[in-house]
Each structure stands twice: as C-alpha cells, then as structure tokens.
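Notes to accompany the following structure.
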Amino acid sequence: MLQLNGTVFMPSVLTLIGIPGLESVQFWIGLPFCAMYIVALFGNFLILVIIKSEHSLHEPMYLFLAMLGVTDIALSTCILPKMLGIFWFHSPEILFDACLFQMWLIHTFQCTESGILLAMALDRYVAICDPLRHASIFTHKLLTQIGAGVTLRASVLIALCLILIKCRLKHYRTTVVSHSFCEHMAIVKLAAEDTRINKIYGLFVAFIILGFDIIFITLSYIRIFVTVFKLPQKEARLKAFNTCIAHICVFLVFYLLGFFSSFTHRFGFHIPSYIHILLSNLYLLVPPFLNPIVYGVKTKQIRDRVSKIFHLKDAS
C-alpha cells in the first residue's frame, strides 16, 4: 500500500467502522439485527420447504415467492456475518477486493429482488385481468427465463460498477469506510479522483432497474384495481383484492425503504451519518425479515401448511 501526496494508491485493505457515532452501542444494536437475521433465515427456509413439499403450490405465484425467499436469504447473509464481526468481535478490516465482491453481491441481490417483485406484480395482473390466459402465459419455462433474466440483468449492470471503480479510481483519501458494509457510494466517496462518472452510473443503474420496475409495478396494480372494482360481486372483489395485499405490503416496504435510504445517502447532507447507515442496514434487513411473515399471514395455503406443521409437532 503506497502513500502518495497524502493519498493511498490502490489500497489492499479497507476498514469498516460500523455505524459512525454509535460505536459505543454497536454491540447492543447487533442484538436485534441478529434476531432479525435468524427470523429471516427460519421464515424463508420454512416457506421454501413448504413450497417444495406441497405439489399444489407449484404455481407461478408461489414459485416467485420461492425465488424471493432464496434472494432474501442470500442478501441478508451477504451483510450480517461481517456486520456482527464488526459490532461484536471488533474485526473491521476487509480486503479491498473482498469488499468489492461484497458490494457486487449486495447490489446484485437487491436488484434481483426488485425484478422478482415486478414479475410477481405481472403475474397478479395476468391472473386477475386475463385469467383464461394465465396458465398458457406463465409456464414453468417462462418462470425459469424470468429468474435467469432478472439475475443476469442485475449481475451485469452491477459488475460495471466494480469495473469503473477498479479501472478509474486509483488514489484514495482514506481506507476507512464510514459504513457497516461495502456499499457503492461509500467506497466511491473514498476516492481522491474525479468520481462523477461513477456517481452518474450508480444513479443510472438505480433508475434503470429500480425506477423501471417500480413504474411497471405501479401500472400493473392500477390496472388490477380498475379490474377488481369493476367486478359485480363484492365477494369476488374482496377475494381478488386479498390476493394482492401481501404483494403490496412487500412492495411498499422494499421500495419506500430503498428510495428513502438512497436519497438521504446522496442528498441528505444535514442528516447525521448514523441515520444514513441505520437506514441502509434496515433496507437490507427488514424485507428478508418481514417477507415470510407477511406471506405467512396473508397467504391462506402457506398459513394452513404452517399451522399443520406446528400442530403435528404439538401433537407428538
């Protein structure tokens, strides 16, 4: 690691300080974060087991839910072990390349989750607005293509963020990252060189993926609501609307936290840094924690299966 004119040339190791300003209470902050991670793992694994074991759940809605569960497990696992290492075991160092790899994994799974939420919204749109064609459109082949497509879209676009960092940014003002995980803007801000291209591309990826997805998800639900309110029977309207409630809850949690975190990180100059970092952490941890709870409560087939599993355990 070479020091040149007060800057560091191509650092090999970075230091993650956790949550700046809250170092003295990070141990206690780690406790609810760890509890959320355990619930996320257990809940998502339980949903995956239920969907796999129940042949009647091998339908597009539940297969998309399984994809969401796998993504949530991977996303939370990318961040929590290292974060708890910082909070509990005072292990803040991370190799620069390992930090970039963590950044790529985190943002790739974020964007993949957004694509899956879009696919789930389109699935509900076809199921409610054109039910006779639903089975012929959402075939297992299409589901596989959608899963591969949203993953490839995310991994390629985020990989270009890594390439821009590796190829353009050689000198860094510091090796201390004021964050609890490796986030794109947190790394770019360390550079002592012109970072406008990196920042512009980061915003481009956010809008081309998250912006595109949220527009089409919103349009899908507007069309769904118009169709539902035109149904003549009240029971049919309630049944159709009830199938969308869980999706809407997950959709709102994911995007509201995401956009609030992103914009405060970039433009909230008067907001304390620990607020930025806490919001970023919650954005990654809350959806994996809440998704299995929301779907477990609002989806009758999953709720009945969970009740049956625990009833059998109680009986034995």
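Every residue, even glycine, has its Cβ placed from backbone N, Cα and C.
As given in TrEMBL:
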type	residues	note
TRANSMEM	27-51	transmembrane segment
DOMAIN	43-295	domain 'G-protein coupled receptors family 1 profile'
TRANSMEM	63-89	transmembrane segment
TRANSMEM	101-122	transmembrane segment
TRANSMEM	142-165	transmembrane segment
TRANSMEM	200-222	transmembrane segment
TRANSMEM	243-263	transmembrane segment
TRANSMEM	275-297	transmembrane segment
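When each of 27-51, 63-89, 101-122, 142-165, 243-263 is scored by its Cβ pairs under 8 Å to the transmembrane segment (200-222), the top-ranked stretch turns out to be 101-122. Nonlocal intrachain contacts for the transmembrane segment (27-51), taken as residues 6+ away from its ends with a CB within less than 8 angstroms of a stretch CB, comprise 19, 57-58, 62-63, 65-66, 69-70, 72-73, 76-77, 80, 83-84, 87-88, 281, 285-286, 288-289, 291-293, 295-296, 302, 305-306, 309. Away from its own ends, the transmembrane segment (275-297) comes close to residues 18-20, 33, 36-37, 39-40, 43-44, 46-47, 65, 68-69, 72-73, 75-76, 79-80, 83, 106, 110, 113, 178-181, 183, 246, 249-250, 253-254, 257-258, 260-261, 264-265, 268, 303, 306 of its chain (Cβ-Cβ under 8 Å, at least six residues beyond either end). Restricting the average to the domain 'G-protein coupled receptors family 1 profile' (43-295) gives a pLDDT of 88.
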